[in-house]
């Protein structure tokens, strides 16, 4: 039917060549959407892109500016939202969970700092200031904040490619703080500008492969500590690492090996117990600190005999020293700091938001992604000025926090308080902590990142996703961690481009006894309508896919004509394009439809459009292409198109 803004309908008798419902079928006019100005359309589009959650809805219909001001403060500082209702019962739960994650955060902080090639004390500093800031700005009740393994690994590998942390430790430390600053600026900018969709380019499939590859590299790097090797490669590829392990066999220390593998077995057993029985979560949570305490005592007692066991040594006491004077914004290494900051910022942001949303879903509350970006970004900016490196929400700490019964972000404050006590009074106790135990703690923490079940599921569900997973996995193992991440992003972007430039087109048939048309390959009972070829396009029609769609539609027509000729069927006379899934069209797409109609006209074939959505219909109308389609060129449904065109053929003499 033609384009009309009225509600007029025409009743006709539908007589399909196959079994169809017998009641008369109403043929509806396809309407244009309500007319809007360009400014209104732009405003709506920008709102949909940047404000899908309508963050200002709480301010609507508020009685006074004071209420709006209070809502604004709560929006910026979520602690003012739940703080007034805070009570002693909640505090008791938060104290227990905070102390529990502190027992995990202290040894992990020291271990992850060494993973980033930083002094161990930096890991403790990073477990003090960032959690305090997050407790004020973050929207998650269960996120345990601190250093994480993947960001530590990536920072260590990217910086050490250019600067040696042994030959120039001060420059390396400055680079780490500067990279953390830029990570925070990048993260908070994404939140302020509401550009969180940028991190969505790291698909879950590529992250599964990246995390697994990074976990293996991290674990192999810890063989240096487990075997007591002094001279070890700084490269992060699997072949150089394994070669270095066996090349330096003369440096292997049997005391270190016995101690290391003994505590590694202990940590893995406690992890297994907690996985099998979630109620015993505290077993694996307390195991790292217990290992540090026991191994420190053991090394202290055997200090005169076990000379082959390396230990941390002296750690400075006191609060985080300011480090804003160590940030630099010029010089030859600025590009390296910015690049490292952006890469580690993306990774830590992806992990933090994913972890926060996971535990929010378990407790049926919502985590605001943009607030999380700003909170994580600001705490990293503040951290870079207080001797901290990149931090985010850790899955292991958050899982312990959740299982320990955390109720609010106060658990992070309790954890930071425990770290503060450690920094002020307990630093001398870590003097004899062996490096080998820190290596065992890191291996135990990252081994959970190898999710073989997720990889198997990818293989079963989507082979292209599995390919992306394997490419990022092997890229990390055999090339490098940063390039592995780049491969992961490139594959994700390629997959998007593939779906956009090569969309699905389907042949539809009628489900007998209904007015429903569906894919003939999916529904074997769906029957093709003689003289009709009904095609569905399952994507917007853009410049990137318009030529492909034209070629694919012409191929469908050729194959249909060959099928008809081989089976002596009815001559093909009409092609119907089901536009239900075509959510948008641009000028290239409109030109393609116009060219396709002209080509089919020369072959005495009619092209009909069915169910174009509002925005598509509006553009078709504005381009005047609908005039060339005529009165019987656009229909509301496929069923109405078939019924009306079939009836018009029968009415012809």
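Even glycines carry a Cβ here, placed using N, Cα and C.
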Inset, instruction - Could you tell me which of the ranges 146-170, 171-195, 221-245 is annotated in TrEMBL as transmembrane segment? - result: 171-195
Inset, instruction - Select from 436-454, 512-530, 531-549 the stretch of residues annotated by TrEMBL as transmembrane segment. - result: 436-454
Legend entry - Where TrEMBL places transmembrane segment among the ranges 281-302, 303-324, 369-390, 567-588: 281-302
Legend entry - Residues flagged as transmembrane segment in TrEMBL, choosing from 81-100, 201-220, 601-620: 201-220
Inset, instruction - Examine the ranges 31-59, 466-494 and name the one recorded by TrEMBL as transmembrane segment. - result: 466-494
Inset, instruction - May I ask you to indicate which of 409-430, 629-650 is given in TrEMBL as transmembrane segment? - result: 409-430
Inset, instruction - Report yes or no: does the transmembrane segment (436-454) come within contact of the transmembrane segment (326-349), defined as 3 or more CB pairs under 8 Å with a sequence separation of 6 or more? - result: no
Legend entry - Contacting positions for the transmembrane segment (118-137) when only residues 6+ beyond its ends and CB under 8 Å are counted: 76-79, 105-106, 108-112, 143-147, 156, 165, 169, 172-173, 176, 312, 315-316, 319-320, 371, 374-376, 378-380, 382-383, 386-389, 391, 409-410, 412-413, 415-416, 419-420, 422-423, 427, 430, 438
Legend entry - For the transmembrane segment (171-195), distant same-chain residues with Cβ under 8 A (at least six beyond the ends): 50-51, 116-119, 122, 155, 159-160, 163-165, 323, 326-329, 333-334, 336-338, 340-342, 344-346, 348-349, 369-385, 387-390
Legend entry - Residues of the parent chain within Cβ reach of the transmembrane segment (281-302), under 8 Å, 6 or more residues beyond its termini: 100-101, 103-104, 106-108, 110, 259, 263, 266-267, 270-271, 273-275, 309, 311, 399-400, 403-404, 429-434, 436-437, 440-441, 444
Inset, instruction - Work out, from DSSP, the number of helix, strand and coil residues along the domain 'STAS' (522-645). - result: 59 helix, 21 strand, 44 coil
